[in-house]
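Per TrEMBL, domain 'C2' is recorded for 1-98, 251-372, 415-546, 961-1086, 1133-1259, 1462-1591, 1712-1863. Summarising the annotation, TrEMBL assigns region 'Disordered' to 127-213, 657-710, 1297-1322, 1342-1401. Annotation comment: TrEMBL describes 137-147, 202-211, 1368-1381 as compositional bias 'Basic and acidic residues'. Positions annotated as compositional bias 'Basic residues' by TrEMBL: 169-178. As annotated by TrEMBL, compositional bias 'Acidic residues' applies to 1312-1322, 1350-1359. Annotation comment: TrEMBL describes 1962-1982 as transmembrane segment.
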Amino acid sequence: MALLVHLKTVSELRGRGDRIAKVTFRGQSFYSRVLENCEAVADFEETFRWQVGSSLDSNEMLEIQIFNYSKVFSNKLIGTFRMVLQKVVEEKLVEVTDMLIDDNNAIIQTSLCVEVRYQATDGTVGSWDDGDFLGDEPLHEEEKDSQETDGLLPGSRPSSRPPGEKSFRSKGRQKTKGGRGGEHKAGKSVFSAMKLGKNRPHKEEPQRQDEPAVLEMEDLDRLAFRLRDGLDPDSVSLASVTALTTNVSNKRSKPDIKMEPSAGRPMDYQVSITVIEARQLVGLNVDPVVCVEVGDDKKYTSMKESTNCPYYNEYFVFDFHVSPEVMFDKIIKISVIHSKNLLRSGTLVGSFKMDVGTVYSQPEHQFHHKWAILSDPNDISAGLKGYVKCDVAVVGKGDNIKTPHKANETEEDDIEGNLLLPEGVPAERQWARFYVKIYRAEGLPRMNTSLMANMKKAFIGENKDLVDPYVQVFFAGQKGKTSVQKSSYEPLWNEQVIFTDLFPPLCKRMKVQIRDSDKVNDVAIGTHFIDLRKISNEGDKGFLPTLGPAWVNMYGSTRNYTLLDEHQDLNEGLGEGVSFRARLMLGLAVEILDTSNPELTSSTEVQVEQATPVSESCVGKMEEFFLFGALLEASMIDRKNGDKPITFEVTIGNYGNEVDGLSRPQRPRPRPQKEPGDEEEVDLIQKSSDDEADEGGDLASVSSSPPMRPQITDRNYFHLPYLERKPCIYIKSWWPDQRRRLYNANIMDHIADKLEEGLNDVQEMIKTEKSYPERRLRGVLEELSRGCYRFLSLADKDQGHWSCTRLDRERLKSCMRELESMGQQAKTLRAQVKRHTVQDKLRLCQNFLHKLRFLADEPQHSIPDVFIWMMSNHKRIAYARVPSKDLLFSIVEEELGKDCAKVKTLFLKLPGKRGFGSAGWTVQAKLELYLWLGLSKQRKDFLCGLPCGFEEVKVAQGPGLHAFPPISLVYTKKQAFQLRAHMYQARSLFAADSSGLSDPFARVFFINQSQCTEVLNETLCPTWDQMLVFDNLELYGEAHELRDDPPIIVIEIYDQDAMGKADFIGRTFAKPLVKMADEAYCPPRFPPQLEYYQIYCGNATAGDLLAAFELLQIGPAGKADLPPINGPVDMDRGPIMPVPVGIRPVLSKYRIEVLFWGLRDLKRVNLAQVDRPRVDIECAGKGVQSSLIHNYKKNPNFNTLVKYFEVDLPENELLHPPLNIRVVDCRAFGRYTLVGSHTVSSLRRFIYRPPDRSAPSWNTSGEVVVSMEPEVPVKKLETMVKLDATSDAVIKVDVADEEKERKKKKKKGSSEEPEEEEPDETMLDWWSKYFASIDTMKEQLRQQEASGIDLEEKEEMDNTEGLKGPMKGKDKARAAKEEKKKRTQSPGPGQGSEAPEKKKSKIDELKVYPKELESEFDSFEDWLHTFNLLRGKTGDNEDGTTEEERIVGRFKGSLCMYKVPLPEDVSREAGYDPIYGMFQGIPSNDPINVLVRVYVVRATDLHPADINGKADPYIVIRLGKTDIRDKENYISKQLNPIFGKSFDIEASFPMESLLTVAVYDWDLVGTDDLIGETKIDLENRFYSKHRATCGIAQTYSTHGYNIWRDPMKPSQILTRLCKEGKVDGPHFGPPGRVKVSNRVFTGPSEIEDENGQRKPTEEHVALLALRYWEDIPRVGCRLVPEHVETRPLLNPDKPGIEQGRLELWVDMFPMDMPAPGTPLDISPRKPKKYELRVIVWNTDEVVLEDDDFFTGEKSSDIFVRGWLKGQQEDKQDTDVHYHSLTGEGNFNWRYLFPFDYLAAEEKIVISKKESMFSWDETEYKIPARLTLQIWDADHFSADDFLGAIELDLNRFPRGAKTAKQCSMEMATGEVDVPLASIFKQKRIKGWWPLLARNENDEFELTGKVEAELHLLTAEEAEKNPVGLARNEPDPLEKPNRPDTAFVWFLNPLKSIKYLICTRYKWLIIKIVLALLGLLMLALFFYSLPGYMVKKLLGA
């Protein structure tokens, strides 16, 4: 039930002023926010709600009072509105508009509009309709969401603090009436148990908000159930319950723990690029070379001759040691160059570029097998120039890249679908121009010495600015620069730099740098990076990159000029700038080019032109800003800085910089004109006097505190004794008013901060296993969606009010879109948060956080950051930098900067490189600083957030004018306190001594006092158990404020050294729990609880501190009132007070059992060998020692295995102290030396928890049948379907029928396709199995990606499964059978990794692990754990000492702890041996001899070791004293060598148990280099229950390629496992059936031997049982299958960066067992020798190139050239068919190509020397491709290339039967042509088209060739030899060529006959006929007269 009051507006108010409303119901009042400068109308638009316990009475009253608000005096009442709620009770919703009445009950003109609604008793949520609160969408959302929470917490103050409430308003009002009413007592019922987040309560109702972070969930549950009629607790959310230890206050902002700037520090990076091949290169017959550039390094591939699709497969590695900023801006450029050689640089075909950052931001930091599109930067109108297929990966230290498996990649590449572009970038990128407009700069520093200038001034009288600036812009590997403006601090350029690049660009950042032109060398003044992702949006409603015109601020080194600036790097943009350098006005625009436009200049050179100047006002109206600061405390000043007087300087831009800035702005700023109706104007008396002060000598800024001499705090630190007088600073500055940008960023930052805090809480709750983290997460999401809607309402109303750039408008739109969708998502996500989905949802929320942070980063700066410098002796020593947006004031709370009007704790740090490393960890000074930044006209509020109780001290100015801000504050109120720091323990500290331990002590700082705990020697986990008491603490300010806002405590941990200064280990902060004098010291707040505080060292975590802090006010009665310090003072430790009883944890008795197994790999200590080591175990002061190892060399194992000790440990597992393992060497004369130590920081994983006997895996009743259906061919592998985890039975489905069906279909189907032939048994070898397995692995990976079954659905399924409860065995089997039926009927989409395979070949497979076996089987630590012993200091990042280098050995053993006494059922179990305690059934640790067999398959992606970018790898294996170097079998010039070798080594455990497999690079001269190595602990594998000695194969076979390797047969292994695990079984029989415990396995019962005889056998079923061993109750675990593992190779010189990968596996056989058989033969397959015979019969339709000399005839002298790819030097040409006039050529010519071919990989193997200087041949593997080209032969010039085709011999289009049917589409793949493989067909004849590219880069048909391909093996070719060309044996007949081939003069008539007859035959006939006709006509006319005469005369 709730009453909601929505106060809309109050109108007809008189005068102008600040208004506030007070709403009261049932004695509980709420205040609205203050509306400033209201005139007639006050729009409150606020909702208040009351949680109503009992139903409303119809005569209850609601009262609303409207006040004129005053900060200083009490509020003045305007009028009151009272309403009886009768109508509300009846109608539930009432809207009222009414007049107010004044004090005398007289009606006044002012009227009020209010809406009241009453929510009925049913408490339902969601019955609201949207019209309820009209026009108030976001608020109503907010209310709806918070309802649940309020339902949970009855009587609590509802969370209806209006959104606009200002935090300091409530402070400023403590003088108003309204004391502490009675209503809060009720409010404490639940909230007292929780910490409120940042929900700031009113001072009127002070919420006690720093209760301990313990959430009494049970109470909440009860409440929830009472209130919600027993709702499911999972559906309740706790909106503002936080588990954060520091409660967030009003007056202090959170300090930042992490210190040292990690930016700018160099790191190791490795860029590896594999150039695989290129396709579709433009150009005729090019000889391409690929050049790979990263930054300035270039590497080239080899040159491939005359091909447009070269194949390289070359690997390049670039190593860098630079800072991340530099690295990610480097450009990767891949270009293809045509015919480059020693003399000429070649011509560029095309290039592609992207920056390293783009690659690094990809998943896995890599692009794998992607096609880069080449384009020509000099000709942008042309299209693409080809594709290059490559892999690009960028690895930083510690990144491990999952490379996809390098298997035989046969799949035909879909180029368009695999382009080398990040997600979301379109494939068709367009050319665009990027215009970077540089307008002007100001505030530049001096860059020359003033010496010369002063001389000039003296002599010539000219005064010059000492800087010659110009701007340089870098983008995508190009740079452009503006002109130089001589001698100008305020240069004006108005120029634009134009870049042309493809859009969207793959280079993320543009670098803009102001540089100073100098005769010697130019230096950078400042650098700004423009991140293109932040100034554009690629969505469908996105926008092109745009920026400004806007000012950007540049930061860098300090401004004083020195010849050698040690911080010059900062000016280059590396690291955090320590001072303002300049600001630059720039703009950026992008124009997409229309490349078809003929006027376009097609070059991409950078151009610089003039730009149109912009007006001053376009960047915003100049406003006067006011920055105020008060220094409340300065302590922890490093004593190295000397005791000279210290002053603090605050600067903003150049304002306030007195030492080396130009403190006046150069240009006189216009005072802002007052505009009538400017809402922010306030007519106050002080304002006008301010103006007078301004006009008279302008308000002087005070930017630094008066110098003061520091006083000593302790031996490391000073402090400044400010006491009650706090110095102030204030600065006036002028900036364009672009506050809106910062406001929007602030709102998003606020949302992000809340979200981050909430997520941290949730993680903390999960970590500490507090109940209901899901509720907290729901609350966080609720808050997030509310925040998003709030942003929309705030940002929306400001659209279009301020002078904004296009980017501002677009960004606002896109931010609003993003936040709207985020709010929606958060809402839907909130509903989905369940107990078991918390982790997943948490990850999604992290994405929200990243997005918010990204959006909040404003690319267009406005006000520069504020710098605080500590100066001593006029030297700058240390600084802090605060972003100005964090200090910016706004009247809307969400827009307020997070540190504005708050006390901020700042830790000053050293500038630049000085702050790297340990110097950066020490605090230079700690400041408590109050800051406020805002418009001068808003500045009446600037003191509002200071702790109260001060008086201002002002400088008098003229008579009676105290208009200035105060120069100092004097605190009149001070309180006395005592601080008690309960320092209990710390854990996981850094090792600071060379012994690998530390001597830690803690130093606690509070205000200006410090105290230390005692030093505990030689430990990383000190338990101090000490209380430090600080007396006589004086804190200034109001008592109640100190209660909510105590200063923070700084705790630093040091390592005590006998000599010299203590070393710093780490630092943390804490807030004390405050008890005022009038409070009782009693629960729930006191005594405080111990809590963990994270210790930081720089940016790294350095351990945890367990402590509690309380600050107790000393009342009038003095210390007598304080709780007594009781408890014994520990006299033997000196007068040390332990932590009192109520605070220290409750202990109970535990027993810790230790299994001592042995020590391994102990290194020398002080040059002496370790000979007699012993292990000491210590925990909480108690411990046990192992027996002594008498001779470490002979046997490093202990002879007494198990010992135990008892110890008192806290009941709360989270507070358990760490356990220390130390190894000491016992030397002569009773001396001990520490060898190394290990700290087990959390004992939780070793706590014994009795097994849950009700779990289904313990259920041994009933039988479960697991069957393997027998099939006719035993070899065939069945498809396996595994049910979900809840059912244990595993069913195998028979696929014989499916196979038959498929065969039938195949036969019916295309008769064209040859049927997949069954692999022949004899043909198969181990490699067949390996390649089949790799295909399976890839298929599984593909399916995993494809089967992204929605998590939700899966979860729902899990839930329903869970509800069914545990089934009995038989039910399970039945369910399983039904399930089987279902699944066989409809194979659903991707059933996980075990989905039925589509077409399984009949080859047995093994398991290929793409990682180490250890990561799959939990490091084989199932009962034997390995603890690394460390020694030496923990390195800092820059020393590069890694954990690896500190390891001095390993201790093997285990721990088990449990509460005493031991549960009885354990000791009662059969065969319980009390000697072994919990470690029952462990094997003996006596030495044992083992045969170790290492199979090395191959290596991939090795790091090149030679100059030529290759390596000559060979294997080295070390185990104990054995060292096998396989040097003579090195593989020449290969980075992906196939070794295929096995090595046998006899070893004896435990002495030799660490196997090292290394790959070395063979060198002809000098020593061989290590490429990388991998280490395998064989002992853990040998003793593991997973049985990693010899992998279990999938099927059992006694012969062939899949022969059983283990000397023990499956049945023997099964028997042994049952015996060791005390399992009932195995019971064999009847045949084909075995029973183990309650599992029955059935399968085939016969086996075939070599001769095909069938014999009965039990091995198949035994093997089936082994494969499902993990399902056996109680003892089941997964057994290691037959496998190949992939291990990364590492090199100690390049720690953390992978140098390649090695595929191998290891078998181990104990020597006391029967000997194993001979090792498997895995030697690499030898390529098979083939001969390809190609007969070129004819050509047709060849384009005619030559013009005939005499007749102008077109003809061609055709010949055909052919070669196999990779063998260009063996190319073969036919003879020439001269003067083909028709494009027809006849050849009858035979080529012979012998080659070596690997069928499995479909590659041709070529061995050849790379150059004449090469020592030996290099082996290349190249796809089998035949190239045929037609050429036109020329006598004197070079031959002309006409066209070509390349046929992939494995799959090429089948030739056409006739020349007519042969079309161009056959080669381009545009039509579906049947594909053929020469390896299957053996002989193919047909016509193929030949293509070339025309001028427009399009393919055209240039001829057709008729050829016959015939493939024979070398043996067949020997038996049936043929001749080359037309030679014997088996010669081809001569072609029948027309005779024009004989040239003119030999037989002119003949050639005339040919020329004329063929070309002009019809023409001649026509002419002859015409002549005949004419002749006839002539004769007719000739004879006509005579004939006529004859006729006439009748003669």
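Numbering starts at 1 and runs along the chain as displayed.
Every residue, even glycine, has its Cβ placed from backbone N, Cα and C.
Note: TrEMBL annotation is automatic and uncurated.
These figures come from a predicted structure and were not determined experimentally.
Applying DSSP to the domain 'C2' (1-98) sorts its residues as follows: 6 helix, 60 strand, 32 coil. With DSSP states grouped into helix (H, G, I), strand (E, B) and coil, the domain 'C2' (1462-1591) comes out at 17 helix, 53 strand, 60 coil.
With DSSP states grouped into helix (H, G, I), strand (E, B) and coil, the domain 'C2' (961-1086) comes out at 6 helix, 61 strand, 59 coil. Contact between the domain 'C2' (961-1086) and the domain 'C2' (1133-1259) is present: at least three CB pairs lie under 8 Å, with pairs separated by 6 or more positions in sequence.
Between the domain 'C2' (1462-1591) and the domain 'C2' (251-372) there are 3 or more Cβ pairs closer than 8 Å, counting only residues 6 or more apart in sequence, so the two stretches are in contact. Summarising model confidence by region, the domain 'C2' (961-1086) averages a pLDDT of 86.
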